[in-house]
Amino acid sequence: MAGAREEAGDSRLVAGREPPPRIITVTAKTPQERQEFTLAENCSVREFKEQISMRLNCDVNRLVLIFTGKILRDQDTLSQRGVLDGTTVHLVVRNRFPGFTPSCHLTATPATSNQPIPGSNSTGSSPSTGAAGLLTRLGRIARGSPDLADFLGHLAQLLMAVPEAVVQFLDDPSIQGLLGETPSSTNPSGTGPGRLMAQPQTAPPAQAAETVPEALRSPALLRELLMLRADERGLGALKAVPGGDNALRQVYADIQQLMLTVPASAPRAKGPASLSGPSNSSSSAGPLRLGNVWPGAQGRVLGASTQATSPYSSSIPNLYMGLGPGSQDMSPTIGKGALPGPSAPSASALRNALNVLHQNPSLLHQLTAGSPLRPRLPLLPILTNPRALQAWLQIEQGLQTLSMEIPGLGPCLRGSGRPHGGHGGGLAGGSNSRVSSQQPTLAVLQLLQALAHASPNALQTPPPPPPLPPPPSEGRFQQELDQLKAMGFSNRDANLQALIATGGDIHAAIERLLGAPQA
Amino acid sequence: MEPTNLYPVKLYVYDLSKGLARRLSPIMLGKQLEGIWHTSIVVHKDEFFFGSGGISSCPPGGTLLGPPDSVVEVGSTEVTEEIFLEYLSSLGESLFRGEAYNLFEHNCNTFSNEVAQFLTGKKIPSYITDLPSEVLSTPFGQALRPLLDSIQIQPPGGNTFGRPNSQS
């Protein structure tokens, strides 16, 4: 009878007795597959895991069950957590055993947080402790977090918290031995670690502390340092582990992230001087080449630069950031400032241009939005190829001419209902809404062209800087527009359109406005 | 019970057509589409999305698309970053490899839906996941299907979850 009751599944009909546990079917879903399990609804999560581990042939302790966003603990029962008949539970099989929450105070927060908080991570590192102190702390970290990736992450944090200690640390012969460099190596061509090693010996520690982060900032240097030097050892093993790649990338990202935040605290005076150096020398990639300077950590570089923004508004990292979120007022005047001298690849012009981009990250994707070629537009090749940029500029100019000549055509081409007047809208005469809604695509393109030519590697003879964009239509018709406005035609756009269509004849424009109320 | 951390999970929704779809869809498709939606999941202060290059991540709003057109609160999750990243790399090797990308059947929204369910048990709004079938149910969509099928979308600005041992 009990069996029949269970089969019927409707044990609540029995009065006055505790209903026997129902058998339910639960699906466990992994990224690879889904499997069904039948068990009693009051069995514990642990039992469920044991069933799973038997079926999937993996260790019980590596299983993580997730249901409606909550991680199921072993001691809960399925019904307690709301796992009912027919529901699906997500399963993750960990690659490595979940680390025990380290009791060491060094890893106060779960190892997942990788935000650089120099000094506040309760390492309490004081600059005066020498390499020995560092090493003991490292030892404690190593014991505290069994995961190699975590260890390296914390290592990076620790090192970057005390730049002077970095110098001492690197001086330590054991570390140098680890890095495969002898203390006496003075490679003049400056392989990364060689230069690194040489620096502390030749320069006073204070300077070395600054040059070290600077040298380390160079991605090539960093890559060499991390990959070539340590690659043959532990990191190589780490890479071999499936999934270890992610950890590695995280480590690289963290280290680079921290490297980049250090210059933010360096003396400001050093800033521009040191920046124009890298910005010109490392610009072999071109100022706008987004791809693959540091493929692994590019995403994180964006994150890093948002934290290191303050002194270096024109630094290369912020170029990347400039293409991310953020919106400020248009300042096309700065962009125009860069236009007159495209053939002079001065760092300041470059910086100004980058500044504009930085302040107007929406420019670039307005750029793409404004062009009818957008769906097929591979942005990067266009931006980095001066000839392509030029061609695109011509297209945009042609489109603009077309839309001015034939107002009706404009909306179809531009996908916006407004006439494409109001170039350089930041100048007097443009209403605020106009400025914000009509990005001067042309000005941006010219700016980009200026950038491309300002790059030292621009091969093309820079075309003569295009004349200032055609005087805004509204400037031409300023008088007429004012008149129309005084008469009570408040729709400025329609006024302008009418004026353009009639070639400035105000009476005909009025006729038009009165006769055909189409925007 | 030890205290568990709850991490917020958000869905970033981008309109790839930047308003064009809303204007032109009645003409071209015969029905009103509010946008061509690209979505990504934001959790643990990172944005994750799926494109023709596989699963990618970047800081929130960090792709070339800029800030999202709308943000949907999906819920909260207890899943830690560690577990989540393992899950993602496992997904990236199985179900969401780059070559598995298909604009209609298996796109960024499929991924976002999958991840949202994993993290919170909830799905993403249906107007997003219904988009391909909406388009395909029009004669225009059917006619253009071969062309549209070959479109691969990969918003630049992220870095990819590579397969093990792949370094570019």
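Including glycine, each Cβ sits where the backbone N, Cα and C put it.
Any TrEMBL annotation is an automated prediction that lacks curation.
Taken straight from TrEMBL:
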- A:24-98: domain 'Ubiquitin-like' (DOMAIN)
- A:106-117: compositional bias 'Polar residues' (COMPBIAS)
- A:106-131: region 'Disordered' (REGION)
- A:118-131: compositional bias 'Low complexity' (COMPBIAS)
- A:178-212: region 'Disordered' (REGION)
- A:198-212: compositional bias 'Low complexity' (COMPBIAS)
- A:267-290: region 'Disordered' (REGION)
- A:271-288: compositional bias 'Low complexity' (COMPBIAS)
- A:413-439: region 'Disordered' (REGION)
- A:418-429: compositional bias 'Gly residues' (COMPBIAS)
- A:456-476: region 'Disordered' (REGION)
- A:461-473: compositional bias 'Pro residues' (COMPBIAS)
- A:476-516: domain 'UBA' (DOMAIN)
Segment-level pLDDT (mean, integer) for the domain 'UBA' (A:476-516): 83
Helix, strand and coil totals (DSSP H, G, I; E, B; other) for the domain 'Ubiquitin-like' (A:24-98): 15 helix, 28 strand, 32 coil
Helix, strand and coil counts within the domain 'UBA' (A:476-516) (DSSP): 32 helix, 0 strand, 9 coil
